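Notes for the one structure printed next.
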């Protein structure tokens, strides 16, 4: 037995082992198979390759084996890597020189080429070349390989030919060999095809190119428009500069000042240096590259400006050339639209696409893992079951018993052998060990220990931060000692934790591993220092690792800990992106070396630091372009290296543009996507932990209250939840949801009068609410609650009932008083801006001083009044208890103090004057919307705390490392030849270029760099400027040149040190700064959703519902006059649109041909073409005016825009012609012969007239903007643009206030600094006037050279000659506060406000990357446009029959699309279920709302009436001001027996169903059965239950399957189903009968005239037999039709009397088919109604008090049957069948049951009375049984999926 069981067990184990081996083998084979498939692109190998090699060919077999051999792949990757190294080592030299290394590398190139060619050949033989799936060239990466190999071979062939022909190799015999060899740099791209993770990133980038197409188009379009505007405005303006008279030497004041344009007259820069003149002949700024002389250069300049790099230089040059009156408008709008909006669109689209792609790949990975786990579980489960059955378990249990006995005997013998005392001590030691570990564990977990560790960390930080340049020896030794002590503390902490938790548990935590690493490195550092093994540099870097201990702080701060953890996790996701970024940089660096290597050597200029002379330098240069800092200057050098702007060298700008666009716009924005992803993850982590902590607290509470009753416990839990919601409520007021900043969040977009939406008249609390959703601004401004007089007395004099106090109360709370105070605040703000900062004694300042007294008096009176009313500060509710009132008090107090002190030189008075700038802040307390925004911003700043802290920690760490590396090493002597401070004394001679005086004497000075690392604070400031990408190359090159402490720089001394800066930029600038943007976006989205978290609608649903509720129909003017109609028809046709589009494009090309110094022929041609286009566009305007008349024409904003452009263009043409005619007399403004008086004046006047004429020439350019209206994609982007600005009113106001305050402070503090050319405070950039100050701040906000502005504003700068400085105080202007001033402004602007703008754009641009099949607000405008064609007068109603055709003209997801069958359309209408008016019309809002509701599945499930009520409640809660009338229109309330489209079209489906039922009967019997028995009724009832009900059910719930419907419709067409007469539309005359009226004419009256042609086309598209059409009823020609549609009662009676004729007309009607359009277009559509406008559908009756009948009157009671009579038994059976089908609500509708009864009777060919008798018999037989039987399963046709209808479903 034992052996048997043992054998069984062994057999089971062996079987399990063999099974696992088989499984492993199977998996291995599957992997190999998958790899082979991947190698061939997922396709099987072709049977033949190159038409010759079959699969069995031994040579091909060998090729396949080699290619699919893993080492082969590794060899190729290594070869690519080696090739990259060879390319990097290559040293390009000027003038095509070379050296031995380069020659060796050239010969190595042949080896690489042979290897790559061989690989290519083997793969082509293995997989075939091109003509079948899986061929070599069918894979994109292989195409890249093939091109690279081909170009290499081609280069080799050309080289060989040249060598044979004796042509020098490099000249290439006509071929540019350098260009061909440049293809070699693409070889690193082959690494992408070898690394799968790179392929994923690359593929997702390529995939995201699609949504970027429209944005790229918009960017190009915007650049083109601004370029042509620049061409018109600034052409030929930048070629004059100041020359010394009689020479070609350009005059500049300082050696470092760049030459600038000048103006001979007018407002431009004058030449002020003695002996200089302003004349033409200068190539222009940047070697003649930056100008607007032709469209290409203008586009390059505009592109450079929208990258915000050197845009102010271009603006200042234009100002110098033309004056600074208006060019700033051009550049500011360019930056706002181009840089802040359009480039952020790129960011939004990219990040959305990447997030989507990452989400998809994550989902795919999770799904794959789940499948594998399920498969493994299934295999294991099956096999374990098999083993369990095979094994005999008893044997195992016996074996275990034997084993236990053996163990016991062994332990007994052990006890006997060992001494008892040893055992005792061993046990005692173990016990003590357990006790000590437990105590140690408690100690380590205690708060005291945590605080001790934190204290040690902070001390460690302080010791490191104390280090600085020129520190004392004592401090150094103290730091060394402290380091050892602190290291010992950290070592003790580590050992204690390791002992308390055990090594395994200790190393489970990532933070503990991190601690261990830091401590180990610290110990290693001390050992190396003591033993003098390592260099000091290495030691200093290792010391900095101690700084990582700072992150120990985060473990005690949960949310910060989670943030750090998520950032560490994101390193994995960043790795592949960084690899791609590195590959991208390497490729462009290698390409740059090929194109620019050794060419950046210009004889007349200093050495260019950013160059491509070697690989490390090329990498740095490419990285610099990638960050966007001074990328334009590198581009200019590249252009000059290839011959300058006049040669084809200008084409190298393409290299830099592609590098900038791909690197900066695309790759760097992916960091943002990753940042947003990981932030969301950190947020969810924190939320989950919060939830966990609350749960723990709740459990603890319950445990502490065991004796309390259940009710008390519930009450306590409720209180806990309330306290939680309050705690959470306050932070969530950080509503970065910008809708909150609108004048009203939900009503702002309503363009209609508010009469339709009466507001709820409740009083609104104006203070910030505690609830998660702040009140909308309009609500806050509707009515302010008046604060009553407090019970306490004020000033101990005025009691609560005192008359004076009551009077003051009335005054203070009066609206007029508030408005007056706001007006005075505005006036005082204007007076502050109008002050002259230079001369305090100027007349203007004296006048403003008196005004200041008036303002101060008014504000003082206001405060006194308020204190009188509310009391000063002693009691609750008093004036000083409000923080905003304290602000008011401070501002007024400051004004009073500054009035009392006279001298402006006293620093206290200066400060007090500066503090007056806070006056505008007083407006915040009065404008409630603005107050709310400010409060939200403060809370938002609190929420960013964690990110700021992490960034500051990192910045601090890098600053400490910087101090270790660079302290005292960035000093230099002004004489570059001297290297130490001792040598740097005395004077030296300096040659001045471009000067008449060749040599100048300068004083030697030993100076420090402006941004240095001498201490931690300086280091943090330097690093912060680097993180903003401003001026970092300058700091980098100073660091590279740094030598030793207190020693001057050596050129390229430490190139490797650049790694420090690059790592810092990647970690901080690329990643952490994007985290800021990401955090604002995440907070914005989270808070936006938070406010609606309980309303059950997501954001998209809310936007669409809001649109549907607020939209109003558009008026569509259609002329009555036939001639005018023809013009209108032509103007509204698409051909006219295409013609105008073509003309605008032609006009664009014609505008682009202009250039500076163009010939007279070009000028004449340009003017002639302009005249022609002006005539054409004037013609367009006239034609449109004829078509639409003035009212209709000017109703469209685009037409108004056209009109302005045409008028401006006509003025332009007239002025140009007049000016040309008067040219001989000096032009337009010199009619009185000013040329004779003063030639310079003539030039000035001529320039002025050019400006005037040029202004009107702008109208030519503005025509291009009309193109924006032509493209759907660009229209959508414009929609985003408008939406973004719509969301910014109060935020915009906040930005204006911020700029105003900072501008006025800047004027007071830096206004006296002298304007010195060559510095950053100069004639174009200063604080001397308010507009200049605002422009300077705007420059700082864009980040343009802002660190240099700080340096130019620091204390010790030269004062302006007009200012009131004393003797010897010439250099006392500026202020040390400049650092704080500019830093705070830059941080507020760049990181908060501009990011807020980015967040809004990203929120509005999400539709670009969203699934296009999801309905969004941008789809809904189309509905309004097409509705207008059916309802030109904008009545808001159309016939319900028009709805089908209207919706078929709108493409999905909003409409049905033109290919949607009518039957499917009718079923969609059932689910839409709009209320139907008595005249057969539906309303605009109800239809749009129903479309939105069904498309987005808003409350369409479950009981329909209940869903309606829930939706009504949601709408009331979100859109409180929606009128009840509108709400009843879109969602009828319960209890109203409304006629709805759903009920109406439900009868269609019942009728269609019975027609099919009859057809089946005919097919079954071959004829209409005459046998009448109960089985027939049962069959009909069964068909209702099993066929009609499920179909209706699906239609009601909107669960339609389009393909299924299409198939059924086609089947119906093939079976030849004919439309039977009778029905729902009442009496219709045959449209093809011999009636004199034409269907065409009637259509023209009932429908938009444009549609009378299109209707027939739709009929052709949808074959009549395949489409479900309404049934029509025909009568003999001699039957008179009813014309009095106004008397519907008679009409019903008349119809009832004719009911008997129906069967007679059956056979005749069944032989004809009529289209839906024929019916709705026929003149007899409503029973012969003569007036279409007054007609009523015959399907409706006038409502009476007795009854209303919603359906066709012919289904109503006949003459012999009163309205109250019925067929109870039949009705009962039909109701039962409907209920069994899940249509309870239809079963309750007597009218619907009546319709169904009649249809059933007709279908089984039986009279009503007979059917009732049989039905009664069925009911009698069923009596005593359960009435509601179990539903039978619905038979499903083969090959289709069964859709089981839900129980208890909704009503229609």
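Positions of Cβ are set from backbone N, Cα and C atoms, glycine also.
Cross-referencing 470, 1760, 1848 with Swiss-Prot, the residue annotated as N-linked glycosylation site turns out to be 470. Placement of residue 128 and residue 1364 with respect to the membrane, taken from Swiss-Prot, is on opposing sides. Of the residues 813, 1157, Swiss-Prot records the annotation N-linked glycosylation site for 1157.
Range 482-501 is the one annotated as transmembrane segment, of 482-501, 602-621, 622-641 (source: Swiss-Prot). When the binding-site residues 1431, 1433 are compared by the number of other C-beta atoms lying within 10 angstroms of their own C-beta, 1433 comes out lowest. Around the Cβ of residue 1157 (N-linked glycosylation site), the same chain contributes 236, 293, each under 8 angstroms and 6 or more positions distant in sequence. In the three-state DSSP assignment, the secondary structure recorded for residue 102 (N-linked glycosylation site) is helix.
Residue 102 (N-linked glycosylation site) is 79 Å away from residue 1442 (Ca(2+) binding site) when you measure Cα to Cα. Summarised as a single figure, the pLDDT of the repeat 'IV' (1121-1405) averages 82. Taking 99, 102, 274, 470 as the glycosylation sites under consideration, the smallest Cα distance to residue 1431 (Ca(2+) binding site) is found for 274. Neighbour count (other Cβ atoms within 10 Å of the Cβ, all protein chains): 19 for residue 1437 (Ca(2+) binding site).
In the three-state DSSP scheme, residue 1157 (N-linked glycosylation site) falls into the coil class.
Residue pair residue 99 (N-linked glycosylation site) / residue 1433 (Ca(2+) binding site) shows a Cα separation of 84 Å.
Of 274, 470, 1437, all annotated as recorded positions, the residue with the shortest Cα distance to residue 102 (N-linked glycosylation site) is 470. In sequence order, 1113 are the residues near residue 1435 (Ca(2+) binding site), counting only same-chain partners six or more apart with C-beta under 8 A. Cβ neighbour count for residue 99 (N-linked glycosylation site) (all protein chains, 10 Å cutoff from its Cβ): 10.
Secondary structure from DSSP puts residue 1437 (Ca(2+) binding site) in a beta strand.
Listed in chain order, the residues near the Ca(2+) site other than 1431, 1433, 1435, 1437, 1442 are 1113, 1427, 1430, 1432, 1434, 1436, 1438, 1481, 1484, each with its Cβ within 8 Å of the site Cβ centroid.
Of all the glycosylation sites listed here (102, 274), the one with the fewest other CB atoms within 10 A of its own CB is 274. Put simply, of the recorded positions 274, 1433, 1437, the one whose Cα is nearest the Cα of residue 470 (N-linked glycosylation site) is 274. Note on residue 470 (N-linked glycosylation site): other Cβ atoms within 10 Å of its Cβ, all shown chains, come to 10.
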